[in-house]
Amino acid sequence: MELSSLTAVSPVDGRYGDKVSALRGIFSEYGLLKFRVQVEVRWLQKLAAHAAIKEVPAFAADAIGYLDAIVASFSEEDAARIKTIERTTNHDVKAVEYFLKEKVAEIPELHAVSEFIHFACTSEDINNLSHALMLKTARDEVILPYWRQLIDGIKDLAVQYRDIPLLSRTHGQPATPSTIGKEMANVAYRMERQYRQLNQVEILGKINGAVGNYNAHIAAYPEVDWHQFSEEFVTSLGIQWNPYTTQIEPHDYIAELFDCVARFNTILIDFDRDVWGYIALNHFKQKTIAGEIGSSTMPHKVNPIDFENSEGNLGLSNAVLQHLASKLPVSRWQRDLTDSTVLRNLGVGIGYALIAYQSTLKGVSKLEVNRDHLLDELDHNWEVLAEPIQTVMRRYGIEKPYEKLKELTRGKRVDAEGMKQFIDGLALPEEEKARLKAMTPANYIGRAITMVDELK
């Protein structure tokens, strides 16, 4: 079978392939090879720019332009050529080195220094920087923009429904009212914290040889300050430098990055489930789309499929991300190869998350508050005013306020008239009685509206 969306084993590349297209140029085999080529070329250019490395003279402008073009115009055909070479070498990074030697063979100035391609490097020098560039690109260009869309979409709901009262539920039972907007603001605030934290994760890299001590570098050029050279090179790629490593960059930052993504995903699962529940309670209605079918046998169904799809894919995403976060920082002695196959799945966890983000955004776009139902539900739960009444009774020293309200309301339905009669019988100042009698389940919402307005 030819590989296609119909024959792909993973639904990430199959059924949902169109939803993860933004990740293909980053996390695919092509993407990894593209970043490896970039690192190898920039390393050669860095060597040529150092006066003490006389065997690699400073490149002429044409040679620099030629090397830059190899990086900028790296194509699928180039990637395919590397894979062809790899069939002989059985070593993926060495195949990149040989590919570059082929590319520079026609330029005498570059051909003369071709043995300095991959100079003093271990494969992991190239790989760790390539993975760092992959993750930085994905974070900055894909993940954070999607997070911003989600946060802004939920903030829009908060503002739109800032004053729509909602009967809260704790333990699934009626509780002190809030507003739809305030509940959305709670989620947006949590997400904003994770957004800031993800943006602040230091993406690290190293280029220091087989065990992190520049052994081969110093053997060849003892007069060069390779530690400084390494720092300059890594930071020139837009990556933070890690000066202390074994053969591998220890991947702690990947754990930090993915733990943060998993936390955001968990917050989104919480949101998906809450909205699913609000739809089930008829608090939200869903806009219907012509032609869509909710059930193969029940024609009336309008299911919350977007939030269900999101929840399921977020679970898969977190399973992958959390495994990566716990596995990658552990490597035997100066390195073992267990991280290699795991690192090839960086895009899988992000891919499932991306599918989920788009599903939630679609679901949010179809939500409409069922205002009449919300008000009706509040009107059938006057017992929630037991809280403010007993609290005011405490202020004025009335004996056993909690117990009296418990006797009136626990396990019972109390209407507006019953509450007013109870208030009239209390030894309270008349202005306090009037204030309490003006309260309804729909307006007993505390600072909910103000807190939405204060959300940044």
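Note that Cβ sites are derived from N, Cα and C of the backbone, with glycine treated the same way.
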Lys94, Lys155, Lys206 - residue that Swiss-Prot labels as N6-acetyllysine: Lys94
From Lys182, Lys327, Lys366, Lys420, the one Swiss-Prot labels N6-acetyllysine: Lys366
Additional site residue, Gln160, Gln240, Gln247 [criterion: listed by Swiss-Prot with Arg15, Tyr16, Asn90, His91, Asp92, Asn309, Arg335, Ser340, Thr341, Val342, Leu343, Arg344 for AMP]: Gln247
Ser123 (N(6)-(1,2-dicarboxyethyl)-AMP binding site) versus recorded positions Lys94, Val342, Lys366 - nearest by Cα: Lys94
Separation of alpha carbons, Asn303 (fumarate binding site) and Asn309 (AMP binding site) (Å): 11
Other C-beta atoms that fall within 10 angstroms of the C-beta of Lys366 (N6-acetyllysine): 15
Conformational class of Lys94 (N6-acetyllysine) under the three-state DSSP mapping: helix
Protein Cβ atoms within 10 Å of Ser123 (N(6)-(1,2-dicarboxyethyl)-AMP binding site), excluding its own: 19
Residue from Arg15, Ser340, Thr341 whose C-alpha is spatially nearest that of Thr122 (fumarate binding site), among the binding-site residues: Ser340
Collapsed DSSP category at Thr341 (N(6)-(1,2-dicarboxyethyl)-AMP binding site): helix
